[in-house]
């Protein structure tokens, strides 16, 4: 082995700092370096040119430490006063400042994943860890109790090593827990570094122990002996990326390069005698060392040359790299003979393409030694490289003449091929084989050379055949070398095809080149490159190892072969229009490349020539992606946009487009990542936040979606562009959306009970709790996140969401002895109560509702505060509306046992209760449950109102037509029929007989418990008559009410069907009209019609009924004999046929001959339907017509109406009417001639009457329609 080499001249010096350089780090892009100095600044450098790219100012005190994150995005620097500054790795822009410690920060290190920055303070004796996202302290500080020199994360990030003046301390980097400590050096431990695999830790000592020591990280025991060589403090240690070499910088002015495997120094780099070496690092590719010190300079040293020189000395090989050889020659020129020096120097020039220099050197050597056959052969190679075939052949012939040799005949064969003399060339190569000593390696090389020469002579087929046979037929052949040569030939053919625009053919050749060997990256090519050697034994028996022979002979660039094949294939595919294949080929190239090759590929793909592959591909992929997106082919669009991104050419627009495509595919999380990238690339734009909002909303992360939307609005508000500001007008802020939702909720809840049971929690909620439950629900947050534009404020969708959330299930049931009341459930969880009696019923009801998917339930026993009259009254008034708007009404039949047969429902007491009438007819969806909460008849349909069997059963039980039960409409229409339906139902509280019908008739009256049944029912009937003008509710039999004699005392009085007028056919009506036409004067019929048409509607107020009617004076009342519970009277009245009346009341008998002062009338209440006009229930109410109860006076009595009516005598001017009017008048008279249900009224005071109740309907009929006296048309006040 040769003596230790000391190199004093660096490859390059970086100058610019004005103080000692204390720290240095390189970036993963291999192009830049950053340094820190006591001049308080940092500087970014271009490693290739040595130019300072940026001077970074921010510290006010000397910088003693710095670190670069693994991805190169962050730079951290620490100064003498404990301040850390974080800089952007690309731009050098200051990002943030942290007062990390109170004193000097001696060391910084990023964790491998870049999430944590470790800081060590010398005097503070403390290590801290900082979160690189928030820059907040992560975990507790680590108290080291010693001065800290260096902190370093292990490669896995699991451990943190700290070098102190006492020992080496190891901690768990995640928990800060102490793992171990050991005494490494005699005195202070000044530096440390981990090997890339984490199996070793290297430490450096101070001037008392200036050694490097190696430690096993599994046992923490020392490996081998201390590494000696330095004579002073070791300030810094760095390790080669491959983990094979170690560099150390010392205050002894030297940098030492060590071989890790044998712990020996390879070379020493010497700083100037006045400069301490304080910091050191390897370049990313490991080919260079960068060191700095107090000379204010960073020195760059080569590692490839020095290590290979060492190996060459050991193996008696010559250097294979120009810088290596020149540096070695310049360092110690006496170690080489002139002969070797000349040959080697010429080969260096030849390898580097400097053929003129190579020719000159060899010519000089030939002139010095004319009989040197090797120099002639080598110059022949040079001339062949220059395509000077004639001179190449002459030199080859001279070499052979001086001394026939392998080299001479190879040069002759190459020259002959160049001249196109293929046959002669074959002969030369054949003769060359005689000088191989049958050495298989030399023979192999010779055949490779022959194949290449033949190929260059356009003998492609023969060359390929020879290579194939060589690879398969020679047992000892270097098949890998064959593959490389064959690959090279394919590349040359591919280039020719590419130049000839035969792109598919070119692609095939380049693919064959790539596939012709198992090489996975350019690093493998380098290994083969070093293996292709020619061995020759000259007369002096001197062995000459000629490395890179193929490069020397043919000018091949084997180093770039693998890369060139890939580059060319990418280009061919692109030119062939196979875009996706081209991008995939490029991606394969990048993933298969080592870091050095990858950097070169980036240079190629980003070039400014036509070979700017990435730019072309990116533009085409982006355009095609836009087309695919427009065609809704989202998968294709995503693939194309991904290609742009994989090509590292993506802008925020591409990420935004891919995010949009992913949103269309509902790939929410993936879309969110792209949206966040948009924000990262263009923070001032609203687009990234807009996409984030959509993605988060799709992922049901609604709170985050709303936050993103709010930020988006702020970006729009702050945008400088007018068009962007105008875009803001389309959007609404969340507070506006909340207001709209709130209004929709109040509208929805206006038709819902005041208190509701939350079926999920089992808690009774008032309005505030209901609203809060909605605002915290996913449905609300989703809705709020959906409302972004003004067009989204349309109420329909909002109403739909609100209505869905507040869907409520109501219970219809018969109260039993024990029920769960308000005080039982208030502030309690229903499901946790003792499940007895009514509580069990409540729990089962809530579970049924919950399992059906409803959030809310209501049960009258526990959801109304019956002690609060206002709430109770409102509940009674609103109950029909609540049931009407329920999503489902569950009817619980406690008296219907499980597995009951049809008919059990009809027999249930539930059909007899007053409140259950509206509870069934009001809701649209009803389901019946038996005692065990199983479905009645096991009918699992969603709505039992659609079950023919169940509805038929209810029709029979209630006497109500099934269709009427299904399509029931509240209101005054068909009031008499509705009263009949309710007539046999009973209530526990007597007033509820009426109150339970408020919703049926859609009336709103005060709820006054304690007023008694007759008053409550009277007020209800009074309102019906007053508002509708419908007098059918006066059609009843039984006892009169104390409220008003025209009304019944009990609703049971409506049980009997009302009297129906006998219907006449149209023919019968026409016949009757014809007969009347001959005997009734036109003006008389018309006057009768006009009087009745202009009659006011009945008006009921203050217990007094003002009834328009035709009153027939009673002329005789005579009691009939008989023993019955009721009295029957024969009654005669003017204009009516005689009739019988049965009543409990005692009537005074009288006749024309025995008159009495009291007046009786048989009254036909006026029914406007006889006019053939719409009935009053469809007209405006009486109040709407401008009249009110307050306008009544004593003068507005029946006598006044009579006088007014009698003022028009038959002798007045006859009215002129057309035939249609006359026909209508006669038709009315025909109807008036039919039998009707009459009321018997008795005068009380002047103008006031009371109805005489009857146990049967009083059926009366006029004697002669033509004789109806208009004097009998009047309005009576009935008490």
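For all residues, glycine too, the Cβ spot is worked out from N, Cα and C.
Annotations in TrEMBL come from automatic prediction, not curation.
Annotated by TrEMBL as region 'Disordered', the relevant range among 1151-1184, 1185-1218 is 1185-1218. The predicted model assigns the repeat 'WD' (14-55) a mean pLDDT of 94. Same-chain residues lying 6+ beyond the ends of the repeat 'WD' (98-121) with a Cβ under 8 Å from its Cβ atoms: 64-71, 73-74, 76-86, 127-133, 135, 138, 144, 148-153, 155-157, 160, 162, 173. Within its own chain, the repeat 'WD' (227-268) has Cβ neighbours under 8 Å at 4-7, 190-197, 200, 202-207, 210-214, 274-282, 284-286, 289, 291, 293, 301, 303, 306-307, 309-310, 595, counting only residues six or more beyond its boundaries. Broken down with DSSP, the domain 'Heterokaryon incompatibility' (810-896) shows 38 helix, 13 strand, 36 coil.
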